[in-house]
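Below you'll find the structure, written out as structure tokens, and then a few comments.
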Amino acid sequence: MEQAGTRPAATEHPRLRRPMPWLLLLPLLLLLLLLLPGPAASQLRYSVPEEQAPGALVGNVARALGLELRRLGPGCLRINHLGAPSPRYLELDLTSGALFVNERIDREALCEQRPRCLLSLEVLAHNPVAVSAVEVEILDINDNSPRFPRPNYQLQVSESVAPGARFHIESAQDPDVGANSVQTYELSPSEHFELDLKPLQENSKVLELVLRKGLDREQAALHHLVLTAVDGGIPARSGTAQISVRVLDTNDNSPAFDQSTYRVQLREDSPPGTLVVKLNASDPDEGSNGELRYSLSSYTSDRERQLFSIDASTGEVRVIGGLDYEEASSYQIYVQATDRGPVPMAGHCKVLVDIVDVNDNAPEVVLTDLYSPVPENATPNTIVAVLSVNDQDSGPNRKVSLGLEATLPFRLNGFGNSYTLVVSGPLDRERVAVYNITVTATDGGIPQLTSLRTLKVEISDINDNPPSFLEDSYSIYIQENNLPGVLLCTVQATDPDEKENAEVTYSLLEREIQGLPVTSYVSINSASGSLYAVNSFDYEKFREFFVTVEAQDKGSPPLSSTVTANVYVVDMNDHAPHILYPTSTNSSAAFEMVPRTAPAGYLVTKVIAMDSDSGQNAWLFYHLAQTSDLDLFKVELHTGEIRTTRKMGDESGSTFNLTVVVRDNGEPSLSASVAITVAVVDRVSKILPDTQRHVKSPRTYSEITLYLIIALSTVSFIFLLTIIILSIIKCYRYTAYGTACCGGFCGVRERSPAELYKQANNNIDARIPHGLKVQPHFIEVRGNGSLTKTYCYKACLTAGSGSDTFMFYNTGAQTGPGPSGAQAAVTDSRNLTGQSGQNAGNLIILKNEAVSQNEPRQPNPDWRYSASLRAGMHSSVHLEEAGILRAGPGGPDQQWPTVSSATPEPEAGEVSPPVGAGVNSNSWTFKYGPGNPKQSGPGELPDKFIIPGSPAIISIRQEPTNSQIDKSDFITFGKKEETKKKKKKKKGNKTQEKKEKGNSTTDNSDQ
């Protein structure tokens, strides 16, 4: 039986029972997660200064929330920007949970001048679910200087303003907030003004300029002040504004005359208008307060007012009536000067006029006729004017004579009371266009009376002057790649003639420039003389040319003159640098090798580039843009040499990737880059390229190897065949001319060191003296290359060789005195094959010595292959310059490098490329490793040497020195398989040749 108040349990439908856990439990679970403290819901606050670089760390959100990212799994942590700011200033590193700056934040642009600048973020984590609010406050830095609304303020203050007057000045604005905003103002020192600051509101002040001392415009009409606003940042920033105070004038000064009393004398026959005196008064005020008006004061009598007047503006006192000495001998005139101020002020003076008694009637000159203008080519005695004279006096006072200035090209011819004015000299309108001829008439009275008459005679023009240019020549500089029609220059010619005789037209004289008429390059405006470019100029095609401009007037006949306009095409930076060495093929990096034992400063290679531009546009600068190890390599800025900065160690990698950028000095700058792979090896024999980078497939690799083997075999065969043929030719020449030349070697007596040093210079100079008894293919090379070393070589060339590659070998002889620390440099072999004069950095000297009669040594049949050369069959092996001078006990000698495939030690010599400017990569030399180098005495040769174009090392043997003959070294060729019997036979032949030759000597000076 059921209890009261209870209800039977309702039966639930099965379909409604299933979704209950998801519909009811999920909202409850989310609400519980939001209410519970801990990592599920929290708020983080960070602060970061503005202007931080992208990537700057703000904080680690995962660590602050206690989340382990390794348990969350990928993609379980993300960040939302509340308010969707654009751009996204902050980002979250999903791997470490670090919150970092994504883009540069400018607080002033983001929040303007709000006290707090916040970025609100939301961090969401899944499994377990966590929602965290993140507030990042952007802190202000003092990155803005105070700035006034206007840089200059103009104030106008009357000099009557009393001290204490105030003038409002606009305050400065600073986008920063807090202490970084404007804090103080400073005013430059002034005895008249001071600055008063009144607080207006928070971080805002009212500026007032206060007058503390009265102004006087007459002492200083303009005052310059500097107002400075300083913020409170560390370091403080400031901004300035210029304040110019102009003092306005008030009428506080009276006019004053130069003298209080003026005394003058005046003839009684002075006609009306005669100037009595010119008065001058001054007023230090300005404007209307300083403008003066002259007048006769009330103290002047009416009679004097009838005889004299004064000009109100100029102060000139003139006669207006007839004067008579018998009536009055003197007059007193009172004059006042009044300014035009609001309250006019006046100054006074007195003029005393004394009348001088003279003859009352002066002669009168009457112009009867005037023939003007007169042509400038008028002949002498041409009549210009007809004059007559009259005098009211009688007797001797009536007799009048006329006169002219003696310097005028005119004269007077008189008959009775009439005169004619005629031409007496040459006229030139360009020198004097108008003559104001003053005719003087004098009577015979006592005292004599004189009157003047001025005649204006104009000279008419004839075309007697050609146009004249303002400049002797014009120099026009125009940048290349100009637009057609651009104005080059305006030539101007003047013609001192007038009217049509002075109208000038311009034209170009016909001539050809590079086979084209001048009008194909330049046109001219016939009226203005403006020269225009017809086409675009190219500096690389031609750099300058000239045109001849003719100026011609329109006279009859026309006259003309010419001037030369030189047009110089100015180079533009329109060519990027071109990298000559090292070069890469098939978009692969150039390959260089460095031994692991290389010391600091080791020369890895040298980047050689050129620029087709000129001047500073062709100045090249080398930069290391990218490298695997930033502190292991460096590149010289101007030479392009890549060197090691420290000693290679075991910790160094096996290969390094370098990117060298070459920039020119143009505007804008152009650049080129080259990628270089540097391999670090223990020994030269281990130098192998990274074939995995460049070989695309085994088939391609096998094809390249096959082609390389065929090419090397062909070159070796041709080289050996050439050596044999040349040896036969030299032996034949020896028989024909009696010189010591056999076995591919020519002997010449060695010069003294002083001679070698004296003949070294910076220009290529090949000299073959008359009667030189030496083979023309034996030369000595001295010069300075692009490297920072000095070189000296002797080259033995084969007769008739068509190759542009020289083989240099060392003599071991003393080099002679030279600059301290001089080192060897490699010369481009192309400069030694008939192209002298094209490279100003080398010197070629042909020895002018007697031919040595010593018997040459026999070849040594010892050929050895180098492991590095075997590696060179698979890659491009570049070599480095060598031949460093060393001071030995007997004077300067040279260290002889050797290379042997059987030498495993790191001290063995290494093969490096010659990397100087203009160096042919086929010329190979050697460089010692960092270990103990082989010390060779004077006259010694290395045991082995590399033949260009052949993968072999040639043994160089040296016979013991003999006191009766010169030291000789020979390069011998042969194979290891030759028998000792063959050697003995050759030595026997050599002994027999010594007996025949006698005292012949050989000079071995190749390096």
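Using N, Cα and C of the backbone, Cβ positions are placed for all residues, glycine too.
Taken from Swiss-Prot, the feature N-linked glycosylation site covers Asn280 (among others), and the record attributes it to sequence analysis. In sequence order, Phe257, Asp258, Gly315 constitute the residues six or more apart from Asn280 (N-linked glycosylation site) in its chain with CB-CB distances below 8 Å.
According to DSSP, the secondary structure content of the domain 'Cadherin 4' (374-469) in residues is 4 helix, 49 strand, 43 coil. The domain 'Cadherin 4' feature in Swiss-Prot is assigned to 374-469; the stated evidence is sequence analysis.
A simple way to gauge crowding: the CB of Asn436 (N-linked glycosylation site) has 10 other CB atoms within 10 angstroms, across all the protein chains here. According to Swiss-Prot, the N-linked glycosylation site annotation covers Asn436 (among others).
Per Swiss-Prot, the feature N-linked glycosylation site maps to Asn586 (among others).
What Swiss-Prot lists as N-linked glycosylation site is Asn657 (among others), and the listing cites sequence analysis. Sequence-distant neighbours of Asn657 (N-linked glycosylation site) (same chain, 6+ residues apart, CB-CB distance under 8 A): Ala589, Gln626, Thr627, Ser628, Ala675, Ile676, Thr677, Val678.
The transmembrane segment annotation in Swiss-Prot covers 709-729 and is backed by sequence analysis.
Marked as repeat 'PXXP 1' by Swiss-Prot: 856-859. On the 0 to 100 pLDDT scale, the repeat 'PXXP 1' (856-859) averages 41 in this prediction.
Annotated region 'Disordered' per Swiss-Prot: 885-1007, in sequence order.
Under DSSP, Asn657 (N-linked glycosylation site) is assigned to a strand (E or B) in the three-state scheme.
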